[in-house]
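Participant: Quick one: this structure, given as structure tokens, is what I'll be asking you about.
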């Protein structure tokens, strides 16, 4: 009897801790499951809200043309970089070209080189490797530098038109108006305005969510195709873009048109036919670049995003991202006697310096 009583007491002493610890274990297990569910839900939300890499489709719809396009774009890229660098070196090495007009031309060549390097190397890499992915950050960075350099090109063309206006219409006051300090100020103001405008649009674009397809039917991160993919409200962005386009496009273009209106009026009053031809030749190169640049830019950007055509946009973009920067050195050098002489001296000096 005493043995059975001991066993019962032993059993009770063991069962009490088991009964007491069971709710604690259940509660701990419940809290652990709750933490795991919260972690998994947070991870799922992050995966849903994160933006995956974009795909730059470019010219991938025509795989049989990829080798031809690679060779064509590579050749254009090398000619553009080499031609613009030769322009910069020729202007820097020739004392006779240290004038405001050639100072602006050297800046334009530098901008065209940077502009091409922002777009074309990625295009060539995509064609060569057939990997068309670009990160969200990389896409925004490319878009920023593309817009900043394009706007800078725009402002600088207006500055060059103003320089030609002063040189032809106000020749006696040219050295006073276009002094070195004012030239530096005009270039610095162009750099500042272009980067401020580009940064504002890039910041607005970075707030968008892209919940649809991430395939961009373009060969670089341009604004119109990105707007087509955004599922956020883009009305504020479009209003801002058109306002900046009016500020950075219409105002410089108006400056160019007014300058050339005064230039043409002055030229028509010149009695000598030979002098007329000389003045027209100095302005013809700049006017050709202006027509190429503004014609393609207006075709792409001065239209609603709903009517944007990917094919038309790509063709126009090829013109102002590859063709125009490539033609600029030829346009400014072939019709300019001073530039041809400086380039020839540079090439001859290079040959003589080679052992």
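Quick reminder: no glycine exception, Cβ is built from N, Cα and C everywhere.
From TrEMBL, here are the annotated features:
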{"type": "DOMAIN", "residues": "83-332", "note": "domain 'G-protein coupled receptors family 1 profile'"}
{"type": "TRANSMEM", "residues": "68-90", "note": "transmembrane segment"}
{"type": "TRANSMEM", "residues": "102-121", "note": "transmembrane segment"}
{"type": "TRANSMEM", "residues": "141-162", "note": "transmembrane segment"}
{"type": "TRANSMEM", "residues": "183-205", "note": "transmembrane segment"}
{"type": "TRANSMEM", "residues": "245-267", "note": "transmembrane segment"}
{"type": "TRANSMEM", "residues": "279-302", "note": "transmembrane segment"}
{"type": "TRANSMEM", "residues": "314-334", "note": "transmembrane segment"}
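Describe the structural surroundings of these features, if you would.
Facilitator: Averaged over the domain 'G-protein coupled receptors family 1 profile' (83-332), the predicted model has a pLDDT of 85.
Within its own chain, the transmembrane segment (102-121) is flanked in space by residues 73, 76-77, 80-81, 84-85, 87-88, 91-92, 142, 145-146, 149-150, 152-153, 156-157, 159-160, 163, 183, 187, 219-220, 321-322, 324-326, 328-329, 332, 338, which lie at least six positions past its ends and keep a Cβ under 8 Å from the stretch.
Beyond its flanks by at least six residues, the transmembrane segment (141-162) meets 101, 104-105, 107-108, 111-112, 114-115, 118-119, 122, 134, 186-187, 189-191, 193-195, 197-199, 201-202, 205, 220-223, 226, 248-249, 251-253, 255-256, 259-260, 286, 289-290, 293, 297, 320 of its own chain at Cβ-Cβ distances under 8 Å.
Outside the transmembrane segment (245-267) by six or more residues, the chain places 151, 154-155, 157-158, 161-162, 164-165, 168-169, 193-194, 197, 276, 279-280, 283, 287, 290, 294, 297-298, 301-302 with a CB less than 8 A from a CB of the stretch.
Counting same-chain residues at least six beyond the ends of the transmembrane segment (314-334), those with a Cβ under 8 angstroms from any Cβ of the stretch are 58-59, 73, 76-77, 79-80, 83-84, 86-87, 105, 108-109, 112-113, 115-116, 119-120, 150, 217-220, 222, 285-286, 288-289, 292-293, 296-297, 299-300, 340, 343.
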Participant: Six or more residues beyond either end and a Cβ under 8 Å away: which residues meet both conditions relative to the transmembrane segment (68-90)?
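Facilitator: That would be 59, 62, 97, 105-106, 109-110, 112-113, 116-117, 120-121, 123-124, 127-128, 322-323, 325-326, 328-330, 332-333, 339, 342-343, 345-346.
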